[in-house]
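Peer 1: Marked as divalent metal cation 1 binding site by TrEMBL: E137, D251. What TrEMBL lists as divalent metal cation 2 binding site is H173, H198.
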Amino acid sequence: MWSRARFVHSLLRFPLSQLKRSNTMSTAPLAAGDVASNKTSAPYQIVDIGANLTSGKFGRELDQVVERALESGVFKIIVTGSSIENSKDALRLSRLYPGQLYSTAGVHPHDAKEWTDSCEQSIVELAQNPECVAIGECGLDFNRDFSPRDVQIEVFEKQVAIACRLKKPLFVHEREASEALLSVLLKYQTQLPPTVIHCFTGTKAEAKRYIDLGFYIGLTGFLWKDKAPDGVRAILEERLIPLDRLLVETDSPYMFPNVKASKVPKTIKEALTEKSLNFLNRYCSFQRNEPCALPTIVEMIAAYMKTVPQVVAMSTTQNALKVFGLM
């Protein structure tokens, strides 16, 4: 007899039409000595706004992956769509786990060269489904340039226009392309829906510009290795991202937070709880990160900001529910 996970994996190939669809806490910085002592067994309630659960790396284990996420405190996950077929798969998954998984629909800049006239209609049709909560992952990547830059810009603008027309949030990828990205987004500034800069890895100046424009910043396990003087760690230490603009994500199966590395300061390591580390160390690796790593990311963010993880968990969850209209 098939396991449910194997059953779920097989359903990814089925046509979409055949699947049914607190209390206020202080945000003041803690004293340095208080961060490490803030260990708690209280469960978090967190939203992972970006996980690539359609990846073959999850395969027939997907059911266990989703269950582990819930056990760790990740009670909702947005499954990223990065191509038309991938977006269809993300929607299928969201229907198999109603109320826990949601999806996005878009074409990643790496795949911009594959854009055809039918892509726009496909994204629009996918976005009409209530499980689909954003347009994307779309944007610009001038680091790898897997698609020509002019093509990336053209395809990105088409998807921005779709998001504006449908009033769906934008889920944006940006690597070494901030100026070009903003040149597109500013054309639509008065029409833009909530806009999320997913998996942010940029500078203080870039973060400030995005925040000044009202965008949200999504942070991942990239934190463990970023030692740039004006990078993500410094941004958190200086509290340049307001809590009401912060979102968290794993970008699974990528962006594994290697908290054992020497790059991670001792004070940050000491702030991590046994429960979050248990999920991270047992189930996650460079080969396959999982949504259950999200509590560790939340605790790292909190430690850099010198606040308690419950504040980061509560704030980012409220933001995610509001931005994506999750129920």
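Cβ atoms are placed via backbone N, Cα and C, with glycine included.
Set these features in their place in the structure for me.
Peer 2: Sequence-distant contacts of E137 (divalent metal cation 1 binding site), defined by Cβ-Cβ distance under 8 angstroms and a gap of at least six in the same chain, are G50, T80, G81, S82, T104, G106, H108, F171, V172, H173, H198.
Other C-beta atoms found within 10 angstroms of the C-beta of H173 (divalent metal cation 2 binding site) number 24, with every protein chain shown included.
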Peer 1: I'd like the Cβ neighbour count for D251 (divalent metal cation 1 binding site), meaning other Cβ atoms within 10 Å of its Cβ, all protein chains included.
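Peer 2: For D251 (divalent metal cation 1 binding site), the 10 Å Cβ neighbour count is 25.
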